[in-house]
């Protein structure tokens with residue numbers, strides 16, 4: 001397997017090193033190419049993501065990302081638009097996949113969280129994040145700023161189909177989250193698409209939540225969810241809330257997926273670069289390791305994906321109270337693989 005690794009900034013290289021340690025413990029055929037992308041490169045020479053980088057990345061089977069960002073050093077939006085979103089659009093990562101599971105001994109802020117185990121399938125290349133907007137009369141009392149939410153039948157249908165496929169292979173329940181009572185045009189497109197595709201999946205039950213109601217249910221009754229499908233902005237908000245109710249983003253993994261398989265998909269922990277703890281060896285690499293498991297599942301290695309997830313579940317349950325070193329977490333999970 002040809003694997004592109006973008007360690008990135010802050011704790012990114014530290015957690016990806018442990019994810020690679022675990023990957024190499026279950027497979028002996030991984031060829032790694034490291035890429036110097038992120039704030040460090042931008043601050044050094046002003047480069048973000050060159051066309052040559054994209055050409056090279058496309059030659060790999062998958063991409064593992066650590067974290068990108070340098071708060072206070074790089075202005076907001078530079079790395080997001082010039083690197084992360086550019087890569088997402090260029091590699092057609094139209095499915096953003098975020099599993100949310102409450103692991104044993106993980107502490108949820110909810111008094112009675114129940115059995116939380118759902119996935120959010122977020123559309124990744126359209127909506128309000130497509131860059132369709134602008135500003136007029138900037139800096140004047142009459143300034144106008146607009147952001148246009150772009151939703152196409154093609155874009156909506158392919159992510160809805162992906163969500164139905166996942167629901168078919170899970171607990172067979174899908175929830176559309178939107179705001180159809182106000183966003184009647186985009187919401188209507190999403191609702192019609194779900195209704196039409198639902199006829200192809202008679203075993204999957206379907207319901208609908210407004211986004212504001214979904215934020216309530218995710219706190220009061222998160223176990224009601226199996227697969228959530230939603231647009232780019234609503235998915236961005238919901239997945240952070242999902243991370244919070246399952247004990248924090250330290251265990252939150254994600255995938256940015258081209259479901260067609262034409263381009264390599266990218267897998268990453270949800271957390272940021274955390275420069276305040278970088279280099280101290282205390283960052284929790286569990287989310288990066290779970291992202292590696294998602295990566296293996298995507299490339300068809302279900303057996304080893306399940307092995308890693310089982311090892312993580314065992315380690316989280318047995319992990320001692322108090323801080324655990326980054327390297328030690330990786331070593332513990334490798335040891336758990338041998339059980």
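Cβ coordinates come from backbone N, Cα and C, glycine included.
Under the heading substrate binding site, Swiss-Prot lists 88, 98, 122, 212, citing sequence analysis as support. Taking a C-beta cut-off of under 8 Å and a sequence gap of six or more, residue 88 (substrate binding site) has these contacts in its own chain: 124, 125, 256.
Residue environment of residue 129 (site 'Important for catalysis') contains 22 other Cβ atoms, counted within 10 Å of its Cβ in all protein chains. The annotation site 'Important for catalysis' is assigned in Swiss-Prot to 129 (among others).
The site 'Important for catalysis' feature in Swiss-Prot is assigned to 179 (among others). Packing around residue 179 (site 'Important for catalysis') is summarised by its Cβ count: 20 other Cβ atoms lie within 10 angstroms of its Cβ, all protein chains included. In this structure, residue 179 (site 'Important for catalysis') belongs to neither helix nor strand by DSSP; it is coil.
The Mg(2+) binding site annotation in Swiss-Prot covers 212, 236, 240. In this view, residue 212 (substrate binding site) is surrounded by 9 other Cβ atoms within 10 Å of its Cβ, with every protein chain counted.
As annotated by Swiss-Prot, NAD(+) binding site applies to 272, 273, 274, 275, 276, 277, 278, 279, 280, 281, 282, 283, 284. For the recorded site, residue 284 (NAD(+) binding site), the DSSP three-state label reads coil.
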Sparsest-packed among the binding-site residues, when each Cβ's other Cβ atoms within 10 Å are tallied, from 98, 122: 98
Which of 274, 278, 282, the listed binding-site residues, has fewest other Cβ atoms within 10 Å: 282
Secondary-structure category, per DSSP, in which residue 276 (NAD(+) binding site) falls: coil
Cα distance (Å, whole number) from residue 212 (substrate binding site) to residue 284 (NAD(+) binding site): 32
NAD(+) site span - longest C-alpha distance across 272, 273, 274, 275, 276, 277, 278, 279, 280, 281, 282, 283, 284, in Å: 16
Site extent for substrate, whole Å (max Cα pair distance, 88, 98, 122, 212): 27
Distance from residue 274 (NAD(+) binding site) back to residue 240 (Mg(2+) binding site), taken between C-alpha atoms, in Å: 16
